[in-house]
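Asker: Here's a structure for you.
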């Protein structure tokens, strides 16, 4: 008999075949409950308060000292960790994409899977370990999210570059994001499903969510493999596990012009225009090198697949010493300039002054060297002072020279170094702050004074806000305006629900509902009538000497309507309202930047702009997650908005009540009524009729979004709470709380 004791358990908790295995297409509500207080070691911790007590200059001094404090266990290239830390910060922020606002540096996700194990992030595990003594020293006064980005900024400064500034305020989370769709490929560096006829056009929430742009939706369904590359939305990388593009060229094909197209697509999806893109590449590649000392088969598994003894590190390298001059990261062995630890314009000089020929790295990857042996002996070795090299380039570098749009920009920067320095400083600042939201969230002594259009600026608030008496007066005028409860509620929702918790953009503050592009969105059809009436009320009120913003008035109108609807249902009490919103101007609103906030579907209003391959209930879940809602909040809001008559275009889908405009729990009571039998009324199962089982008479009509609250087991369980005989009071209380939450999602000035 074996001496090894037999374990009484064949499987531990959480193992075995899961519901997801049985029903992979099941609506996954887990994405609404990620990052709960239960995952945090200190649920009541106030990071902004802690950050304000940080000795910021002392931290920067320690970071600067670290740059040249080379460690034997991971020696610094050229004796300076700056380039490594720039890459760390870049790859943290560079996961951001404008399509859904997800990704980015805002919560320190680079510490967790899958990002900590992406092929493009090889060796960044070492970068974060180099930072640990400093993180340990300053503790919770600096988050990992802020520290990663700040270290990249300090790295630039330590090598002679003047940055545009830095702002803190990125609080850490304690578990991986589950809502981000990184692609459908099953192998690292795969790109088979994000391009071509076999492209997966939608993923259920929990595996990530995809909402294809309507303009491209038909192309995505009908194109074949030979068609022009059309990257799946909302992805902003060409292969699984890359930040942007394959540096060897598309699919490893060393074609600089084709690479330029990939660069434009991916950087554009990260909100960078052509000039910003050139500046970022030219500025970033002024420093450091890539690593491809030997074949990739010398590299061990990534951190998430490595053994316990690796203690969270990965990619153990058996080539030579496995570090220093034997490092293998991308497989490319490129050093761009003779001054890899000092800011200069040499990258662009080399790019245009040399003619380039294709070669291969020691690892066998495509890269470029100067023709005729030019430049030999001008570039230092990263670890051996006795060696010299020629400069080298990536295929993606040559794109800046041969792409017809990038080339003139790059030449201008080459001839005007001061323009490159300014453009890189601004683009870098945008890169590392793009997902932080409004300026009210920015912290620290290095916040620039200049407001930038991509920050969605707002005018300063008037410190003299309207009084409680003013609020009561305005409510009375709104309710006497002739506008219905449904119209007022729907308009307030249209304004506030543009908010995205992913990148903290959108929301009611600014009243951009009245500006381009929002005023022309299909989802906002009919709000112009409400806005005109509210503008009249506002003008009359403001003529009396006091001032109310339209942004406040839009929210107040919805709030007054909810109060009236609750009162009509027999419930007393008020709905919270806190003034202080301001009205943005069209000049403060970047139309192109705001276009990505347009709702292609909003299940809360039973709206879809077009027919999509992804199911309506999954689009609803995606929207709810971006609104930071829990499953109970999602449920109660749907039930309340339906009976209030807030549907797009006044549709009766899901209005399961004979007294619309009254805040009752009728939606749930009638949805759960077993005397009603439901059947689809459309071939695509998008709409349904509910008929009396005995008489066959049609009682209700509903959408997929409505019926999922009776079909999905978890949502039905929640619906039963609100649909019970004693659920009315709770329904109203919970609806009011969820309503106020959505109305104030962007009020960072209050938090």
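The backbone N, Cα and C atoms fix where each Cβ goes, glycine too.
Reproduced below are the annotations present in Swiss-Prot:
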- 91: active site, proton acceptor (ACT_SITE)
- 285: heme b binding site (BINDING)
- 214-227: compositional bias 'Basic and acidic residues' (COMPBIAS)
- 1-21: region 'Disordered' (REGION)
- 195-227: region 'Disordered' (REGION)
- 365-387: region 'Disordered' (REGION)
- 87: site 'Transition state stabilizer' (SITE)
Asker: Translate the DSSP assignment of residue 285 (heme b binding site) into the three-state scheme.
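Answerer: It is coil.
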Asker: Tally every other Cβ atom lying within 10 Å of the Cβ atom of the residue listed as 'heme b binding site'.
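Answerer: Result for the residue listed as 'heme b binding site': 25 other Cβ atoms within 10 Å.
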Asker: In sequence order, which residues at least six apart in the same chain have a CB under 8 Å from the CB of residue 91 (active site, proton acceptor)?
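Answerer: The list for residue 91 (active site, proton acceptor) reads 110, 120, 121, 124, 243, given in order along the sequence.
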Asker: Return the residues near residue 87 (site 'Transition state stabilizer') by Cβ distance under 8 Å, restricted to its own chain and a separation of at least 6 in sequence.
Answerer: 124, 127, 288
